[in-house]
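Everything on this sheet refers to the single structure shown next.
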Amino acid sequence: LPAAMAAPTPVSALVHSSTLVTAGVYLLIRFNMMLVDMIFLKFLLLLSGLTMFMAGISANYEFDLKKIIALSTLSQLGLMMSILMMGMPDLAFFHLLTHAMFKALLFMCAGVVIHMMSDIQDIRYMGGISFYIPLTSLCLNISNLALCGIPFLAGFYSKDLILEMVSMSNLNLMIFFLYYFSTGLTMFYTIRLLFYLMVNDYNLMVVYNLYEEDYVMLKSMFMLLFMSLIVGSFLSWMIFNYPYMIYLPINMKMMVIYVMLMGLFSGYLISNMKIYSINKFLM
């Protein structure tokens, strides 16, 4: 999946959000009645949890912008597959739809940034993006935060519901740890991406090819931004034929928020080690 990033960015936005990646998940959602109560499902649950975990780990050590987003797609794909293997296909479909919105927006923003950087994909060359293309940076940040599962954005509804159903299920501690640690890793590489792109100073010493916003891209990006704001609550009202009532203790309910705050803080600490910025963002 990260090696499929040689395509142009609109192609990879469509591929990684909706078409190619999630076709297998959609096929398994359609055929889930045939697959129920197989022993293969538990093996596949372990495998997709490990996929989630390892994609989140390797996104933290990657310097290519599109490869980071591709690895985050792989992580969300593991999340969809694992909740499908636990026998909740409606939740997997819900997360597939919400993830398509903000991941397409994320790839389009990344494409604008790469095109502005005169086709350099390395995030170590970037920095201070928000000074030059503020609206694209707004779309990038909001879609990144929806990917993390910040409350009341699109990704929060599906991801929080999935994690609370995992907390209610009688699986072992390893699956539980894989889920929550992968959620924390999502926050981790998102904060790392934000530091490298927005907070850092402008690092491209030689090639200085900045221009203002691409207003042709911004029309579709604002449509996707609006969708990735509202589609979570809208779909959770519309597509569930019965409401999920989840009774948990207060610490278990807040566990997603705790993990996100831990990921945010650790991503801040790790990314702050290399940044000596005269950019006034952190001040």
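Every residue gets a Cβ built from N, Cα and C, even glycine.
Quick look at what TrEMBL annotates:
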DOMAIN    1-184  domain 'NADH:quinone oxidoreductase/Mrp antiporter transmembrane'
TRANSMEM  39-61  transmembrane segment
TRANSMEM  68-87  transmembrane segment
TRANSMEM  93-117  transmembrane segment
TRANSMEM  129-157  transmembrane segment
TRANSMEM  177-199  transmembrane segment
DOMAIN    189-281  domain 'NADH dehydrogenase subunit 5 C-terminal'
TRANSMEM  220-240  transmembrane segment
TRANSMEM  246-270  transmembrane segment
By a Cβ-Cβ criterion of under 8 Å, what residues six or more beyond either terminus of the transmembrane segment (220-240) are in contact with it?
90, 93-94, 97-98, 101-102, 104-105, 108-109, 112, 135-136, 138-139, 142-143, 146, 152-158, 161
Count the CB pairs under 8 A between the transmembrane segment (68-87) and each of 39-61, 93-117, 129-157, 246-270, then give me the winner.
39-61
Are there residues at least 6 beyond the ends of the transmembrane segment (39-61) whose Cβ is under 8 Å from a Cβ of it, and what are they?
67-68, 71-72, 74-75, 77-79, 81-82, 85-87, 171, 174-175, 178-179, 181-182, 185-186, 188-189, 192
Could you give the residue numbers and ranges of same-chain residues that sit at least 6 residues beyond the transmembrane segment (246-270) on either side and whose C-beta is under 8 angstroms from one of its C-beta atoms?
148-151, 159-161, 163-165, 167-168, 180-181, 183-192, 195
